[in-house]
Amino acid sequence: MTLRRRGEKATISIQEHMAIDVCPGPIRPIKQISDYFPRFPRGLPPTAAPRAPAPPDAPARSPAASASPRSPSDGARDDDEDVDQLFGAYGASPGPSPGPSPARPPAKPPEDEPDVDGYESDDCTALGTLDFSLLYDQENNALHCTISKAKGLKPMDHNGLADPYVKLHLLPGASKANKLRTKTLRNTLNPSWNETLTYYGITDEDMVRKTLRISVCDEDKFRHNEFIGETRVPLKKLKPNHTKTFSICLEKQLPVDKAEDKSLEERGRILISLKYSSQKQGLLVGIVRCAHLAAMDANGYSDPYVKTYLKPDVDKKSKHKTAVKKKTLNPEFNEEFCYEIKHGDLAKKTLEVTVWDYDIGKSNDFIGGVVLGINAKGERLKHWFDCLKNKDKRIERWHTLTNELPGAVLSD
C-alpha cells in the first residue's frame, strides 16, 4: 500500500483501488494474467513439472536403475513425454521434485459424429415426410399417383401452420399438361389427402426416360404459393401393373434443366381407336381422348377439338370434327365417325387426324397431328395394318402428335 506522511491527503494507487473493489479485505498482490492461463500446447495436460537438480552429495543413479520397464509401444511416446516435461516446466517456479505422477487414464476414443451427407433426419425434421404410391397400368397406358399423407411439414404461415397441396410434374416436359395437383388442406402440418391423380397416354418409352417430380407447396391467397419440399422418382423403378409404396423425406428444391425441357417438349398425345365393321361396311374411327396438349392460349390452356380426314377424297366429304372442349390440355371426347368404304380399298387410304385450338374472331391454331396409313411408319403403320387384319375388332393405340404433317392442309 502507498504510505503517506502526516497531514498529507490519503492516496491509493489504481492497482490498490481495483484490488479493494474486487476482493475486500487485506490487499494482496495482483497476479499476472499468465498465472491464471498458463500456456500449454493443445492436447498436452500440465501434469509434468521440472525435476529439481540432484544435490551434490546424492549418489549417482545407474542407467539400469533409472530405466523402468517399457513396453514396445512406449517408444512411440518418448517424444510426447519429453514435450510434456518441457512445457510443463514453462512458467513454474523451482521447487522440490514431485512424487511419481499418477498413471494417466486411458484416452477415450472420439465419439462418432453424424455423417452430414447421409443424415436424413435433419431434412425430415425441417421439411417433413410424404407417403404416396405409384402404379403403371400398362394395358391402359396410365400412371396412377395416389397421394396419401404428409407428416411434420415445415410451418409456412404466421400461425405456425400451413395450407399444403401436392403438385406432380413429369420431367422432362414444360407443358402445363404435365402438371397435376391435389386439393388444398387448410391449417395443418399433417395433411391426409388420399387422392389419386392419373397421367394418361404414358408409354413404355416414357417409363424408361421420364421422372416424376412430386412437390409439396403452401397455398397463399395474397402472395405466390410457397415451396415446402420435393422428391423425384425415376419411372424406370416401377414394375408394370405393380403398386409401389413410398415413404420419403422431402428435400430442398432442385433446379430443372429448362433447355432439356424445351428440346424434348411434345405437342401432345392422342388415343385413337380403329375398327372395320362388316355390318356397316365401313371404317369406324374413334377419337377417345388427348393428353399433354401444347398450350396455345394466354391463360396457359387450349380449347381443343379434333378433325379426321380420310385421303384421298375427291368429293371432300370425309371430313369430321369433334366438339370443342374448353380450357383443357387433357380433353376427353369419346366420339366415333364412320367412313363407308370397302375393306379392299382401305390399303390405298390414309387417315389424317389433327388437333386444333378454337379461337373466337380469328384463325384457329394448329396444335399437332398424326397420319395413319400405308405410308406411315412405326406404331402408326402397325396400328393401320392391325385394323385391316382384324375385322370387327376395335384396336386402340396412343400416338404422339407432331407439328408437321407432309401433304396435310394445316388450315381450318
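Just so it is clear, glycine is given a Cβ too, placed from its N, Cα and C backbone atoms.
Now, the feature entries from Swiss-Prot:
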REGION    1-90  region 'Mediates interaction with DYNLT1'
REGION    1-36  region 'Negatively regulates targeting to plasma membrane'
REGION    38-123  region 'Disordered'
COMPBIAS  43-58  compositional bias 'Pro residues'
COMPBIAS  59-74  compositional bias 'Low complexity'
COMPBIAS  95-108  compositional bias 'Pro residues'
COMPBIAS  112-123  compositional bias 'Acidic residues'
DOMAIN    126-250  domain 'C2 1'
REGION    257-375  region 'Mediates interaction with STXBP3'
DOMAIN    266-399  domain 'C2 2'
BINDING   D297, D357, D359, D365  Ca(2+) 3 binding site
BINDING   D297, D303, D357, D359  Ca(2+) 2 binding site
MOD_RES   S411  phosphoserine
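Least crowded of the binding-site residues (D303, D357, D359, D365), judged by neighbouring Cβ atoms within 10 Å of its own Cβ: D359. Distances between the Cα of D303 (Ca(2+) 2 binding site) and those of the binding-site residues D297, D357, D359, D365 are shortest for D357. In the three-state DSSP scheme, D297 (Ca(2+) 3 binding site) falls into the coil class.
Within the same chain, residues at least 6 positions away in sequence whose Cβ sits under 8 Å from that of D297 (Ca(2+) 3 binding site) are D303, K327, D357, D359. DSSP states for the region 'Mediates interaction with STXBP3' (257-375), grouped as helix (H, G, I), strand (E, B) and coil, give 12 helix, 55 strand, 52 coil.
Taking the centre of the Cβ atoms of D297, D303, D357, D359 as the Ca(2+) 2 site, the nearby residues of that chain (Cβ within 8 Å, site residues left out) are M296, Y301, S302, P304, Y358, N364, D365.
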